[in-house]
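Following: one structure in structure tokens, then a few remarks.
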């Protein structure tokens, strides 16, 4: 409270639209800014300080001092404060409170939903990753949990329990970790029980121009041999090849196919966090246009490059999923440090491969496994603390965008709706719960988050009725297949009633779903969204809706306050 000079400001005008505004009182607390309208309804608008991205003061005019509050969930609040001194006090307060300097200042440490200690501990056990790996059906004669990372001795950004090939000796495991950036050695992320192929993840090797490690080579050989039906494995480097080559000058780089037996190297081309941050800002600028024409909006969307980047992430997921499900080949995925693009590619592939991850609880488990436990840098990427702005990037936003895009193509394949994705997006930034605080499991353990904060997952599960997709159809097991030349520029969301689409919605055959993804509906959609070449015309199709939704972010732009924080 020491940062709040003026806890209450009266006669503040909140500008909703150029023609609509409300007059009320502004209250400042240590966690929220609250606007209470001066009307019989006493409507309240709560703004959580953790969600505030920046606060901008515009030049004063005859009506007062304008203040714009921009939030990380794309809400924008425009205030007009009569006294300039009050405006400066509010500006200074919000600037400081939205940029905490230490973890103890975050909202999650003061948030108290009135749960006793026993219920809090039970809530943290809602997601059980041991049970998740057991669900995958991992053959214990081929894979096992190594004790090498006990107490995070081997890699402090990995979970303490790691699945590795049983044939890999402790010396090979340690040697492989030493040859990988930040010690992030190849470990199991997902096992596909139908084919026996696996998805493993790591960071880039410290290969430079000519360095090699026999231990790392043996580790990849062990991963390849853990899949008895395949004679080779893919190594998917999610970076553009030029970027990977540039890292060789710093003693890092990528696998030399002459040194590693029976691997095939594949580059994907997902850009780095700095490119993604700039793309996001351009997209946000489009969303803040006062009165854009459709051509302005579409030009801005294209100029941002956002959907191009989303397509690159989806390309990575599709390549991995096809390798595992159709070819029966194991895949090792990495980028530079293995906590951004690697998490995106592995989790998108998992969503395509496994229907469990398309359920409400399954998506929670996937995020906990591939993002939280494997050391995605939540606090750095989403600016939980006042740190280096160059570390901020919308990495998980892009994963949620990819899931949303898949939901548009397979509306019956997901148990959850877009409201669930919006809740996840909000809580990545809100710091209301402890799940996404810190950058790795070791930091969370050291902060005793399970004792001092609450878990998000039981809260979402209790309210799952709000997030359930009424079109959802359960299936025993089906991989989502995407048309090879499909581009993800989603403008009209259409419900097609042709006989082919009706068959695909009720079918568990991969070929039917494949056709439903694009071939059947191609001519209903704009040219940039069609598969190539289109073969069918409009005559046998009936469009049920034409809601403009070029991407998940635009859904967020136009949502009201969905979360009572």
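The backbone N, Cα and C atoms fix where each Cβ goes, glycine too.
Because TrEMBL annotations are produced automatically, they should be read as predictions rather than curated entries.
So that you can see what the record holds, here are the features copied from TrEMBL:
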ACT_SITE  335  active site, phosphocysteine intermediate
BINDING   272, 273, 335, 336, 337, 338, 339, 340, 341  substrate binding site
DOMAIN    123-548  domain 'Myotubularin phosphatase'
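Where TrEMBL records a feature, it is marked here on the structure.
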residue : record                                    : contacts (Cβ under 8 Å, 6+ apart)
272     : substrate binding site                    : 239, 243, 336
335     : active site, phosphocysteine intermediate : 203, 204, 237, 238, 239, 270, 341, 342
337     : substrate binding site                    : 181, 182, 184, 203, 204
339     : substrate binding site                    : 157, 184, 203, 374, 375, 376, 377
Residues close to substrate site centre defined by 272, 273, 335, 336, 337, 338, 339, 340, 341, Cβ within 8 Å: 238, 239, 342
For residue 341 (substrate binding site), the number of other Cβ atoms found within 10 Å of its own Cβ: 28
Predicted model, mean pLDDT over the domain 'Myotubularin phosphatase' (123-548): 85
